[in-house]
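Asker: Sharing a structure below in structure tokens format, with a few things to ask.
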Amino acid sequence: MSQNGAPGMQEESLQGSWVELHFSNNGNGGSVPASVSIYNGDMEKILLDAQHESGRSSSKSSHCDSPPRSQTPQDTNRASETDTHSIGEKNSSQSEEDDIERRKEVESILKKNSDWIWDWSSRPENIPPKEFLFKHPKRTATLSMRNTSVMKKGGIFSAEFLKVFLPSLLLSHLLAIGLGIYIGRRLTTSTSTF
């Protein structure tokens with residue numbers, strides 16, 4: 001809550017999270033907020049209470065479907081220290097019911113977190129079905145002159161290679177020349193008839 005120039009006057013309602021500070025002259029020429037002093041321990045209590053109230057209201061109004069953040073042992077130690085610290089500094093307006101309710105909330109959050117972590121860690125892995133596993137086909141022996149016994153023995157200029165290669169070369173050339181002559185005659189006769 002904000003305080004006006006007089007320390008005893010307090011505003012009853014805060015608009016959002018804004019706090020209005022009024023400055024007073026302390027005699028040294030500098031201005032210091034009236035609500036801030038070294039001996040003012042009430043401010044710390046007010047801030048702690050506001051933090052606890054805001055935590056409770058935000059956790060109740062949250063409708064998010066995602067699981068809450070998992071707490072580490074350090075977080076649980078901090079939560080228990082905060083609870084014991086806040087018990088010692090309770091105002092008369094807070095009752096034992098609020099304290100019990102807060103402890104139940106913390107325990108339920110811890111239980112939910114551990115259940116969620118256990119469910120997540122024990123789920124089956126996403127392995128595709130066996131029919132979708134792609135396998136490379138086995139490589140068949142390619143037809144190549146390099147892998148023949150003729151090439152392994154003597155190379156290109158061996159007698160065995162030349163006996164096979166030269167007749168096939170001559171035959172393919174004769175076929176190509178014959179096909180070329182045939183197509184050429186067909187084209188010349190078709191153009192002369194028009």
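Note: Cβ is positioned from N, Cα and C throughout, glycine not excepted.
In case it helps, Swiss-Prot gives these features for our protein:
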COMPBIAS  42-55  compositional bias 'Basic and acidic residues'
COMPBIAS  56-69  compositional bias 'Low complexity'
COMPBIAS  78-88  compositional bias 'Basic and acidic residues'
MOD_RES   Ser54  phosphoserine
MOD_RES   Ser66  phosphoserine
MOD_RES   Ser86  phosphoserine
MOD_RES   Ser92  phosphoserine
MOD_RES   Ser95  phosphoserine
REGION    1-102  region 'Disordered'
MOTIF     100-125  motif 'BH3'
TRANSMEM  164-184  transmembrane segment
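Could you place these features in context, so I can see how deep they sit and what lies close by?
Answerer: Around Ser54 (phosphoserine), no same-chain residue at least 6 positions away in sequence has a Cβ under 8 Å from its Cβ.
All protein chains included, Ser95 (phosphoserine) registers 10 other Cβ atoms within 10 Å of its own Cβ.
Within the model, the motif 'BH3' (100-125) shows a mean pLDDT value of 76, rounded to a whole number.
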